[in-house]
Amino acid sequence: MNLTARIIIALIAGAVVGLLLNMFTPGAYSVLDPYVFDPLGQIFLNLISMLVVPIVFFSIVLGAAGLGDPKKLGRIGFKTIVYFLVTTSIAITIGLAIASVVQPGEAGTFDAENAEFSAEEAPPVSETLLNIIPKNPVEAMSQGDMLQIIAFALFIGLALAALGEKTKGIFNLFEQGNDIMMYLVHLVMKFAPYGTFGLIASAIGEQGWNAIQSMGSYMLCVLAALLIHCILTYGGTVLLLARKSPIWFFKNFAPAMTVAFSTSSSNATLPLSMEVAQTKLNIPKSVSSFVQPLGATINMDGTAIMQGVATIFIAQVYSIDLTMGELVTVVLTAVLASVGTAGVPGVGLIMLAMVLGSVGLPVEGIGLIIGIDRILDMTRTAVNISGDAACALYVAETEKKRTIKKQRDGA
Ligand code: ASP
């Protein structure tokens, strides 16, 4: 049986076991979770997280060095960033629209009086942007600061391209380092079904059916918006911009999505999503290793969708009407929040504080949705990484066309 099928079976088995334990034997869950589910999940998470920093570093260095021409790097960078900003704006608009129509905040009685949430100060976006250049690259790596690692790797890659033959030895070393990491990804993925089972059983066992039911309308809005975004925006990108079949895209990218779903972390899923993009979607290494790490760090469409729905939901629960101007502010802030959101579990909810604050909505409102956020985090992370892959495919295909056209014109 192939890996995707095994991971999906593990997902379903984990959900069923978690739900049954939660409903019938919560006592058994409290014993099984710390000794079985949680360790299985943690081992898997640690194994893949272990590979993230070296993979991002090696692959971006090689990507930048492989593109060679700084002009080409600039063109790909520009395309990628414009794509990220446009699709994230579309994502949050879909979230706002669906929540405005369905009105999840009017659906039940929510205890706004007792909602509690105190936000940790989210870093201002200007700081995120300024901090892209690392003062100390070694510290950036030890802290896992993705944007800084990407920036440093880009510099090294550019230098390798400029120095050519002279630094061939180091180039080969990085290439071999990258091969070793990719080999390890393969190895670690053999453990994926067990890790997935543990992660899902642990999450669902804790949340249970009641929590899911009571927030049904809000959850359905987020899920519907995620689905619509996947079909329209990514399907559209694949079909119209990359001229490929969306079904082919989602079918081949599914293993990465299932792992994103179980880990709730774009960063942790990165080694696998790159491998899948390169081997199954045939995206050249040079494009995939630039677009995907960047996307896992700054492109969070699924998170933006949740923030759009949550903003409307909280406004409705507190009976606050948002003006058109405020909605535009929400879109802009959520796009910036998406850039600042790290690809690790739960950060999207913390960044929501910034979005709510931008239009004066009560931040405590987050307390209303925090209970079920774990499950939505899983789904939106799968969407987050699909956006990066769709962008990589679009960039790869348009670059390929450009090269062919150039060759034809030259011939
Ligand atoms: N968990 C998400 C990710 O890693 C970020 C978030 O929305 O919390 O992509």
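Every residue, even glycine, has its Cβ placed from backbone N, Cα and C.
Unlike curated entries, TrEMBL annotations are predicted automatically.
Residues or ranges marked as transmembrane segment by TrEMBL: 7-31, 43-68, 80-102, 146-163, 183-205, 217-241, 327-344, 350-372.
For the transmembrane segment (7-31), the partner stretch with the highest count of Cβ pairs under 8 angstroms, out of 146-163, 183-205, 350-372, is 183-205. The stretch from 43-68, 80-102, 327-344 that makes the most Cβ contacts under 8 Å with the transmembrane segment (183-205) is 43-68.
Only residues 6 or more beyond the boundaries of the transmembrane segment (80-102), in the same chain, are considered here, and those with a CB under 8 A from a CB of the stretch are 217, 220-222, 224-225, 228-229, 232-233, 237, 290-291, 294-295, 298-302, 304-309, 311-313, 327, 330-331, 334-335, 338, 387, 391, 394-395. When Cβ-Cβ distances below 8 Å are used as the criterion, the transmembrane segment (43-68) is approached by residues 76, 141, 144, 146, 149-150, 152-154, 156-158, 160-161, 171, 174-175, 177-178, 181-182, 184-185, 188, 191-192, 194-196, 198-199, 259, 263, 265, 267-272, 274, 285-290, 293 of the same chain, each at least six residues removed from its ends.
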